[in-house]
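According to TrEMBL, the protein carries these features:
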SIGNAL    1-25  signal peptide
DOMAIN    29-172  domain 'Lysosome-associated membrane glycoprotein 2-like luminal'
DISULFID  Cys149-Cys185  disulfide bond
DOMAIN    219-359  domain 'Lysosome-associated membrane glycoprotein 2-like luminal'
DISULFID  Cys332-Cys369  disulfide bond
TRANSMEM  377-400  transmembrane segment
DOMAIN    379-410  domain 'Lysosome-associated membrane glycoprotein 2-like transmembrane'
Amino acid sequence: MCLSPVKGAKLILIFLFLGAVQSNALIVNLTDSKGTCLYAEWEMNFTITYETTNHTNKTRTIAVPDKVTHDGSSCGDDQNSAKIMIQFGFAVSWAVNFTKEASHYSIHDIVLSYNTSDSTAFPDAVAKGVHTVKNPENFTVPLDVIFKCNSVLTYNLTPVVQNYWGIHLQAFVQNGTVSKNEQVCEKDQTVTTVAPIIHTTAPSTTTTLTPTSTPTPTPTVGNYSIRNGNTTCLLATMGLQLNITEEKVPFIFNINPATTNFTGSCQPQSAQLRLNNSQIKYLDFIFAVKNEKRFYLKEVNVYMYLANGSAFNISNNNLSFWDAPLGSSYMCNKEQVLSVSRAFQINTFNLKVQPFNVTKGEYSTAEECAADSDLNFLIPVAVGVALGFLIIAVFISYMIGRRKSRTGYQSV
């Protein structure tokens, strides 16, 4: 929705409610006379622990609601800091500041304030009033570069745990256009095996991801759809099997659509489908438009837990799979292997996907993968060959029968 001007700039604040479980993604686009001057897209939540009147501790997790205000947000300039300020009603407010230097800008002073006098948000709280938690982290980003971080960044600042993920951010945008130059956060750059950073205990699971030496069954095909407002903007149907090589030990995991949540977003030049369940913190499929004529799968990001409690994290934004014309869908019924890295592959089954230009919530005509095209070509060829052999067999039988008939006449 478009909101009123703020200090000479216009703020566009969009909330996305997508998938089987509500997930609110904030997209902030501050503009001035030149165009966009600050762009930010991210998700966040906060877990707050407070004391109650019966002398016990209670924990509340606060996510971005559907209605917020933005008083105090501004683009900034060479002399003044830029800032984003978000208010979640009476109970919670959040702010981040940006300072411009000669060749870079810094992200700093991330401040969360919450009011325990709000009995709805903090029932039975003993200490009434406003509490403020300041995040000491300071990030430096070059000018004319967009900062990206799909991994979850967690900050445990007692009594508050702050989680941020799916971050696309550029302050002090030059010439009114968001840059195509990227700086990826450290956690997205490499494969790491670390202790889980969100769960204080091992995540409860119904399926265990373990080394395998026996054949794994074909995964169940899931149907996923993303909406932008009241309109379906992305469709995906696929069975997914994740293959991980961790220290040369293969792990194979089938994604069960019945226990998997999904969210996503749709932009004119990009679209995202994110899956998550008890073992997968996130599995992102990010699509892009190529030459204004075709779409393709450009990026895959995954963060998931292995059987030993460690975490597996990989990101690759230089892929080129599932290429098809805009206005069509991409289909591959045969098994495909997407090689994301040496240590991580995704096997897809009965795949059909359309991340752009969905009409009436239905798939458009599909462009088939080479494997399916070969199969469709081979079927009539095989039928033709079989018919040829049948004709030859009938002809041979006829000639043998005719020869026997002539032999019989000569005997008479």
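Every residue number used here counts from 1 along the chain in the order it is shown.
Cβ atoms here come from the backbone N, Cα and C positions, even for glycine.
Projection of TrEMBL feature records onto the structure.
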| residue | record | Cβ neighbours (10 Å) |
| --- | --- | --- |
| Cys149 | disulfide bond | 23 |
| Cys185 | disulfide bond | 15 |
| Cys332 | disulfide bond | 23 |
| Cys369 | disulfide bond | 21 |
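Cys332 (disulfide bond) sits 33 Å from Cys185 (disulfide bond), taking the Cα positions as reference. The distance from the Cα of Cys149 (disulfide bond) to the Cα of Cys369 (disulfide bond) comes to 31 Å. The two recorded residues Cys185 (disulfide bond) and Cys369 (disulfide bond) have their Cα atoms spaced 34 Å from each other.
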